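Chemist: Starting off with a structure, shown below.
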Amino acid sequence: MANWLGFDPGIHSWWCSCRSWRSTQFGGASFFGGVDKLPSILARQTIFGIVVDPGAAILVVIITALLCTGIKESSLAQAIITTVNISALVFIILAGAYLGCKTGWPGYEVSSGYFSFGVNGLLAGSATVFFSYIGFDIVASTAEEVKNPQRDMPLGIGIAVSICVILYMLVSAVIVGLVPYYALDPDTPISSAFAGYGMEWAVYIITAGAVTALCASLIGAIIPQPRILMAMARDGLLPSFFSDISRHTQVPVKGTIATGIFIAILAFFMDVSQLAGMVSVGTLLSFTIVALSILILRYVPPDELPFLPSDQQLNVSGRHRDAFETYVAGRPLLQNVAQDKLRRRKVAAWSITMVCFGVLVVVAAISTEGLSSILCFILSGIGGMLVICCLTVLNSIDQAGTKESFTKPGGFMCPFVPFLPVASVLINTYLLLNIGAQTWIRVLIWLGVGVIIYIFYGRGHSLLFDDVRRPITHTDDDHADATLS
């Protein structure tokens, strides 16, 4: 389901793509003997006082051309790139563990201790590097190109996340153990760590893995965006230009080219060091919106009218609404069910609202610097009790029959509702509040651009502008069973 709120967080893939070349330039320069020996067409240059990266734009153009050839061809290329990347990561873990055991892990022997910046520093760092997890949306974005998405998508996302988390943790633990965190080279941390132990030959293996990893990241960042634009264009939120599918390659070529051009311009002109935070904000916002949407669909689904039998699926709008009300008025049992459902929706809606308010109180109390410990404890306690009480209320309310209404048989349903979505909102909100104010200003400007496009184009052309909805269908027996239960 595409909507305008999903577009702005989805736009973060463009920003993510723009940050790839900086590390590629420093890491790939090892093949040429250093940054100063890079070919002029790949090296950074200054034009009218602006530092530009022509190599970044060239890399984006190459990846865009690859993605235009078709999903099978790009998947094969990404499989090869990922294999090289994983091989390099395994080498880093094994070789680094050998060096660490041999030297006694000097990186962990720092005067400030292992947990130098405390819990707040840990979570603030987590919020900044959250962009490492944005590539997983490629699985959901290519659902139309999967043979069995109900089974393969949840399985693929779960396996991919598990593998990446394990590799992230092992590589981080090894590198920080070899070299103290403050002594790491910010541009080439892994290769410089091994070079410091006299393993210059390992730099080439690590550099090859780093370059292929960045290429894979670029592919994963570009693939979802044209499909998001395609879904939005189908809903009328964007011009139909973005919804065109190539008959030959079966991919949205026009949208891919437009995305590639925009990314190439950003990569050529912009200082990408300031955009990492925007990437994380976009990802965290999208995850938070998804978690809240799950609560709404389970407890307060939009326009829920589950009392019309399946053989009379009339659009409850205009002249059909009178027929529907006459149908319900003649059946007292359905009137009682309708009143119960309405009360349930009101209680659930207020509970969800108060959960969000309680989360904000807890997170604000914990994150605010200079707040007295007593006041922090009081506010955290009030917010925590509010969240717990509302969670208890939501857990006692029967969830709507969304499985029959919004998914196909055998489709994936989020488990542990409402606890898992609320936990996701709590953690994401804390991470969002620990991102700098300057980053939030840039994000709000970008969101403002999206709102302007929606107001002046998307709203008037949306398929939902004159939408006529039908009720969720149930049989009379279902209503009787629901009432008796």
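Placed from the backbone N, Cα and C atoms, the Cβ positions cover glycine too.
Pulled these from TrEMBL:
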{"type": "DOMAIN", "residues": "412-462", "note": "domain 'Cationic amino acid transporter C-terminal'"}
{"type": "TRANSMEM", "residues": "47-67", "note": "transmembrane segment"}
{"type": "TRANSMEM", "residues": "79-100", "note": "transmembrane segment"}
{"type": "TRANSMEM", "residues": "112-134", "note": "transmembrane segment"}
{"type": "TRANSMEM", "residues": "155-181", "note": "transmembrane segment"}
{"type": "TRANSMEM", "residues": "201-223", "note": "transmembrane segment"}
{"type": "TRANSMEM", "residues": "251-269", "note": "transmembrane segment"}
{"type": "TRANSMEM", "residues": "275-297", "note": "transmembrane segment"}
{"type": "TRANSMEM", "residues": "347-366", "note": "transmembrane segment"}
{"type": "TRANSMEM", "residues": "372-394", "note": "transmembrane segment"}
{"type": "TRANSMEM", "residues": "415-433", "note": "transmembrane segment"}
{"type": "TRANSMEM", "residues": "439-457", "note": "transmembrane segment"}
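I'd like to know what surrounds each of these features in this structure.
Modeler: Panel annotation: around the transmembrane segment (251-269), residues 14-15, 17-18, 20-21, 50, 52-54, 56-57, 59-61, 63-64, 67-68, 70-71, 222, 225-227, 229-230, 233, 241-245 of the same chain, lying at least six beyond its termini, place a Cβ under 8 Å from a Cβ of the stretch.
Within its own chain, the transmembrane segment (372-394) has Cβ neighbours under 8 Å at 295, 299, 347-348, 351-352, 354-355, 357-362, 364-366, 418-419, 422, 426, counting only residues six or more beyond its boundaries.
Residues 123, 126-127, 130, 280-281, 284-285, 287-288, 291-292, 294-295, 298-299, 355-356, 359-360, 362-364, 366-367, 387, 391, 394-395, 399 of the same chain, all 6+ positions outside the transmembrane segment (415-433), place their C-beta atoms under 8 angstroms from a C-beta of that stretch.
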Chemist: Just give the helix, strand and coil counts over the domain 'Cationic amino acid transporter C-terminal' (412-462), going by DSSP.
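Modeler: Final tally across the stretch: 40 helix, 0 strand, 11 coil.
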Chemist: Cβ pairs under 8 Å only, please: of the recorded stretches 79-100, 275-297, 347-366, which one is richest in them relative to the transmembrane segment (201-223)?
Modeler: 79-100
